[in-house]
Structure formats: C-alpha cells, structure tokens
Amino acid sequence: MRKKNLLIFATVLVTLVLLLTGCGKQASDKDDEVVAKVNSNEISRTQLDTEIQWLKATNGYYSMEEEQQKAFDEGLEQKALENAIIKQLIFQGAEEKDVVVSEEEAATQLEEMKKQYNSEDEYKQMLTKANITEEGLKQYFQYQSTEQALYEEVTKDIKVNEGDMRSYFEENKADLIKVKVSHILVKAEEGKATEEELQQAEEKAKQIIGELEAGADFAELAKEKSDDTGSAVNGGLIDMYFTENETGLVRPFVDGAFQLAQGEFSKEPVKSQFGYHIIKVDEKLDSFEEMKPVVNEKLMTNEKGDAFTKYFEELKADAEIEKLL
C-alpha cells in the first residue's frame, strides 16, 4: 500500500459533491439499467444521472435562461457518459499499477473538509442541501485521491535536465523574471485632471526625484508625499512580485519597473492613468539560478502532464468500452 500525502483543499463547493456517487465500480442496484461497460465494470443509470447533475452544477446550468439550458442539454448525456467512463478507467489503471488509497486517507480528507465549517450543524446542513451523505463524500475523496496517486505513480521517474531548463528560461524571461517594487504616486487622474494639474503633478514628481538623488530616504518620502495611501503607510511598498506578462498593474507602471535594476529608482516620472509614479525596485529575480526552482517546476508539470495524458490515452485505447445508450 502506498501512502500518499494528498491534501484536498476544503474549499469544496456544495455543487462539487454532486459527483460523488459516480465513483463505484459496479452498478449498485442489479435492477438499475446498465448504460456502459468498461472492461468488466458496469456504469449504471444512477451513476450517469449523477454525472449529468455534476455537469449542470459546475457549468451554472441552474442560472441559465431557458434557451441556454436547451442548448446545454444537447449532447449532455453523452458528455456525462464519457466522464463516467474516464472514472472507471482511472480506477482500473490504479488497480493495474497496485496503487491503493486507503479508506483512512479518504476519511482524513473528509475531516479536513469538515474543519472549514463553523459547526457540525453547518456541515450537516451542507449535506442536506446537496442531498448527499457522508459516505458519498468519502467516495468523492477516494476518487480524487486515487486519480492523484495514479498520476504520481505514472510520472514518478520524470526528470528535466539543466540544458532544457536554461533554454526555457531564455525563451520565457517575460513570464519568469519578477520584481517587487515600492512607488510614490503624485495623483493626476487621466480624464479628470486639467492640463495645468497634470503639469503641476509632473513637476512635483520631478522634485521628489531630486530629493531622492540628494540622498533622501525613499520609504520616508513615500509615507510623507505619496497619494497612494494604501502603499504609503508601508513606505510605498507594493508587497507582491510581478512579471512583465503576468500582472494586474497598468502597463506604463510595469514597463517603468522593468527598466530598472535592483535598488534603482526612476530618474524621470512614469506617467500612467493615475498620475505620475516614482518607482524603486526593491527586489529583482532575474538570474537563471534564482529562477531555476520555478523553471524546474514548470517543466516538470509540463512533462508530467504529457506523460500522464499519453498513459491515459493508451489505457483507453486498450480498454473494451461498450456504450449501451
């Protein structure tokens, strides 16, 4: 038995657990219609109906307009059947590779999820609203854990070499190199400030740069003069890393930040829709060695994903699948 440290984060939505009863390997009721067979295992109508409810719940079906629902319903049964077949294949693949997830692991993950509720009553209300049982939740965790454990088994020998990592780093610097900055904002909002106010703001920003060049402390000036009150209290610090491509910050600000080396501040005000910024780069992670763990993780994720996809495609191709709908 392989012990897996599989944490299922308990932000599980109520709708998520509509999936649960589809995890069994055989039709639980002999009188229940069999809708498909995967090798020696059967998929029941009840399991298929559960998959249909899962697809509806996770795609906002119940908040759709009637016409949208009709469009969504087209081909829904076949999509749900395909999902049920995938689950059967995962269980069978795990069995073939002697991947076992104990009931105790599923029970532990259930307890982790229960901790997200304020009380036992609140937890039981969730079960009632979702029309599920605690046993059903365990089955859900059993499936998720089995899928993850199989993934880990299939991909355990995947490695990436340093040459590949260096190539990836050079080709993807805009997505990898990241900075953390502080700034001082002289507010003059685009579309609101007059031409005169814009000029005054720019002059004030230039004066602040002059003070910095004369040796003034950036953090103290930010606390005293920045119009960005949220960061000013922290000496202008924007407490997050960002890359050139992955950021919610405005483009002129990002471009201005990436023109600077670590420890440098803007020598000219950086204009954005909010006004004029003086930016100081507090940290810049731009070397291969600094970013090597990130690059390794990204490449490993890609390689493992490709390997598992190939494995699953072969698993499916070799299976005897009979759809009875």
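Cβ atoms are placed via backbone N, Cα and C, with glycine included.
Values in this document were obtained by computation on a predicted structure and should not be read as measured data.
Sequence annotations record features per position, and here TrEMBL assigns coiled coil to 184-211.
Counting residue by residue with DSSP, the domain 'PpiC' (176-283) contains 40 helix, 30 strand, 38 coil. Sequence annotations record features per position, and here TrEMBL assigns domain 'PpiC' to 176-283.
Marked as signal peptide by TrEMBL: 1-27.
Same-chain residues lying 6 or more positions outside the coiled coil (184-211) and placing a CB less than 8 Å from one of its CB atoms are 218, 221-222, 225-228, 236, 265-269, 271, 273-278.
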